[in-house]
Amino acid sequence: MVQLVGSLRKELADSVSSCRVLVVGAGGIGCELLKNLVLTGFKNIEVIDLDTIDVSNLNRQFLFQKKHVGKSKSQVAKESVLQFCPSANITAYHDSIMNPDYNVEFFRQFVLVMNALDNRAARNHVNRMCLAADIPLIESGTAGYLGQVTVIKKGQTECYECQPKPTQKTFPGCTIRNTPSEPIHCIVWAKYLFNQLFGEEDADQEVSPDTADPEARWDSAEAAAKASASEQDGDIKRVSTKEWARSTGYDPVKLFNKLFKDDIRYLLTMDKLWKKRKAPLPLDWEELLKQVNPSEAVNLSGLKDQQVLGVHGYAQMFSNSVETLRADLQQKGDGAELVWDKDDPPAMDFVTAAANLRMHVFSMNMKSRFDVKSMAGNIIPAIATTNAIIAGLIVLEGLKILSGEMDKCRTIFLNKQPNPRKKLLVPCALDPPNSSCYVCASRPEVTVRLNVHKTMVQTLQDKILKERFGMVAPDVQIEDGKGTILISSEEGETEANNKKFLSDFGIRNGSRLQSDDFLQDYTLQVNILHSEELEKDVEFEVVGEVPEKGPAPAAPAAEDGKSIANGNKDSAQPSTSSKAPVEEDDDILILDSDEEPSSSSAMDTSTEGTSSQKRKLADAETGESGETSAKRKRLDQPPANKQDDDDDDIIALD
């Protein structure tokens, strides 16, 4: 007779109580997961999270209360769990998992690692550390009503990076600065403006008119002569935006007139931009105060955040937020910088006001603070129930691993609606490793196309190795027979190389670089393919990457149309199976079968859809949400004409 301890076999219960588990992330999924783990019988748990508790977390992260706002998530989560399970041995770290202290030896202490993360960089890093330590990783994510759990095991399954994931959606600089045509363009501009005025300046986030706009093809000297900028304070000066703002004492009126009158008048001198577009209409602070009825509003019904104010209302919001942010900056002292946070009211007010004023200037319908926050924060509202379901599935997959039943582990997708088989949870067999993966292959190797005469060592380090290939502290050696060190992770050792071009070190077409990240125990061979024919503003290309353009997305359901991106704190991003055209940052696969072929078979996309769908929701940090139709073969697949798209139902895991 099988001996039970609670609902578990005694052998499994013993494994559960004795094994050490690492939980990475103590947010929406992490809180539910910690609660589930201790109630299942796990006793030795370590949890790490760099974040602190914000009031916006309290509606779904139930281990936290109002009195905890501002405190460490991991520490408070530990204390809350110990209140209902005092026998648990929990260690909390208020730190980043990417800190070098958490090296391969640290990961080898654990029997299981469970991710409850909200960003791709950390996911990539934990994936590599678990591969290096040969520890099973359970990856997870949620986005609104959608969720996913998968298991990653070295040599047996795809790793998190086996399938390419697209970069965050971006917009051309000239569109943001000169010719915005959608609200998101104005919102991105407003976020850039916040950094230019109060935060860390970035040359790639310039907000002033772009005189190099290729579409304009104008004579800048002639246009400057034609520009009728104000003779008063706020007149256009081609200096740093922050430098100019400081010189005015961050005067809200002067800032307003520069941004919404003088800069717009300057744009109007670029005649060719407006031949086929509606020209923008400059705003003047004094004229606005004279003309506008302060009681004006487009929609004042509903909650305050969902109200759409009039131009006068947003002008006042702009002025008030600038004064508040100026005070915050002064309080921090000379040289201080502010960091934009969607949950910081003055920062959110500033972006809401600036974006809406620009929308008005360019004849767009203005948006509520709620809508702007959703787009600016790249968020889909987090759903507590989704987090709870996914956290439960993580524990179930963990129990399979501890039982020695790795072959029974599955990738499980949580759908928004039941499918024709009345299933909400759809399991998929795990895919084997991708032999060409640049992370888990036996000899990881990539080919990068770039111009060796224009690419600096700094770009290779920051944008290619760190940003694109997820390394933390790369060391790069040129395979030139001499072992020339191009980049060293030791501070200051190769700093003099940063501003030099790759060609200065004899790197040319066909050169090979060996890049090592000793923290991740990871080596990547980089083959250089020299090209002088890259598209404009493209610094490099990874040869063989899946194009980011797929079939035209299917028309989204009405309720989905409100979503702009998937960058919320519990963002779903765990899919390792993305052989379909990649449209957005992160993958959530929606399948309509309860059969279990490999998840790769679910990737064969079709532009004709039956009831199955594949949803791709952006991360980032980033872009817009979309979905493409996908077909998945089933052993008993009924004829397509007998399926109804409206029937997409679903309910249980077998």
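Glycine too: its Cβ is placed from the backbone N, Cα and C atoms.
Nobody curates TrEMBL annotations by hand; they come from automatic prediction.
Worth saying up front: this structure is predicted, and the values here are computed from it rather than measured.
The feature region 'Disordered', as given by TrEMBL for the ranges 203-237, 483-517, sits at 203-237. Of all the recorded positions in the list ASN59, ALA122, CYS159, CYS174, the shortest Cα-Cα distance to LYS416 (SUMO1 cross-link) is found for ASN59.
Break the domain 'Ubiquitin/SUMO-activating enzyme ubiquitin-like' (448-535) down by DSSP state and the numbers are 19 helix, 28 strand, 41 coil. Taking the binding-site residues CYS437, CYS440 in turn and counting surrounding C-beta atoms within 10 angstroms, the largest count is reached at CYS440. Taking only the Cα positions, the spacing between LYS165 (SUMO1 cross-link) and CYS437 (Zn(2+) binding site) is 12 angstrom.
Its own atom aside, the Cβ of LYS191 (SUMO cross-link) has 24 Cβ atoms within 10 angstroms in the protein chains shown.
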